Amino acid sequence: MIALGIEGTAHTLGIGIVTEKKVLANVFDTLTTEKGGIHPKEAAEHHARLLKPLLRKALDEAGITIEDVDMIAFSQGPGLGPSLRVVATAARALAIKHNKPIIGVNHCIAHVEIAKMFGVKDPVGLYVSGGNTQVLALEGGRYRVFGETLDIGIGNAIDTFAREIGIGFPGGPKIEKLALEGEKYIELPYAVKGMDLSFSGILTEAVRKYRTGRYRVEDLAYSFQETAFAALVEVTERAVAHTGKDEVVLVGGVAANNRLREMLRIMTEDRGIKFFVPPYDLCRDNGAMIAYTGLRMYLGGVKFNLEETVVKQKFRTDEVEVVWS
């Protein structure tokens, strides 16, 4: 079977086409602003403007027509309301016009599910992006969130720090490069609260220290990464210990960071378990993960009528009964 998936929870519009074992196309376009941040109305306008050309590009890349597609999947949430509505409307229109079944997909679950295309079975997932930071795993037929940020996502924290020190957006790659030149660890707040995390304190203190002019920016970048990533690894390891699972998967835009990968690799090697990171174009927000998860849901017997395709801005992973795994 062939599935087409549309992703549009935030500032990236993605369209993916997959089979059960292969990505046939995975194209996207991201709205970028000079200072970073996302205005929901602008993101929605971006998605509406680019949907048709991106759909054509995906179909051309896959070498198929829309009639060859067996089902349509779309990101139902969580995310920005205006962006989600553009994507849902487009998915409904395609499904109705071409008489295809439609499936609404939880964006966070899709980030973990795409790893299963590569042989991952039942992992603890660390999902780290601009707006989301979660440790989740399948337990009792639902994806349970074992730990998450209580304030801002790790990606937003890094981007905000980068903006405050004047190196622009996106900040992730620039902070990572600066951190490689760090020589001294500077103490910053380490905020793990039970199984949850907080990044506002480390961000505020790192910016405060920078403004004093007494610290090298390279050392601050290094210390920011070491402190924040150690907290992420700690909560992930706790989830592994609690669930007894023997796989960890790293997903989301921040999965591109090599230091975070290294720290997780060390932890998993120490525990004698597997560690996997999907190709980066499948880690970031993308349509292929939506298509793949929607296809797995459909093959597992999940059915949607049009009334069930309303968007869910606060869509929790544990709202979804996982009958397809």
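Every residue gets a Cβ built from N, Cα and C, even glycine.
Since we're looking at a predicted model, the values are computed, not measured.
Site annotation (Swiss-Prot, ligand Fe cation) includes H107, H111, Y127; from D285, D318, the additional listed residue is D285. Binding of substrate is attributed by Swiss-Prot to Y127, V128, S129, G130, G131, D159, G172, E176, and within the candidate set N99, N106, N257 the record adds N257 to that site. With N257 (substrate binding site) as the anchor, the candidate binding-site residues are H107, H111, Y127, D285, and the one with the nearest CA is Y127. Secondary structure at N257 (substrate binding site), taken from DSSP and collapsed to helix, strand or coil, is coil.
Counting in whole angstrom, D285 (Fe cation binding site) lies 9 from S129 (substrate binding site) by their C-alpha atoms. For the binding site of substrate, formed by Y127, V128, S129, G130, G131, D159, G172, E176, N257 according to the record, the largest Cα to Cα distance is 19 Å, rounded to a whole number.
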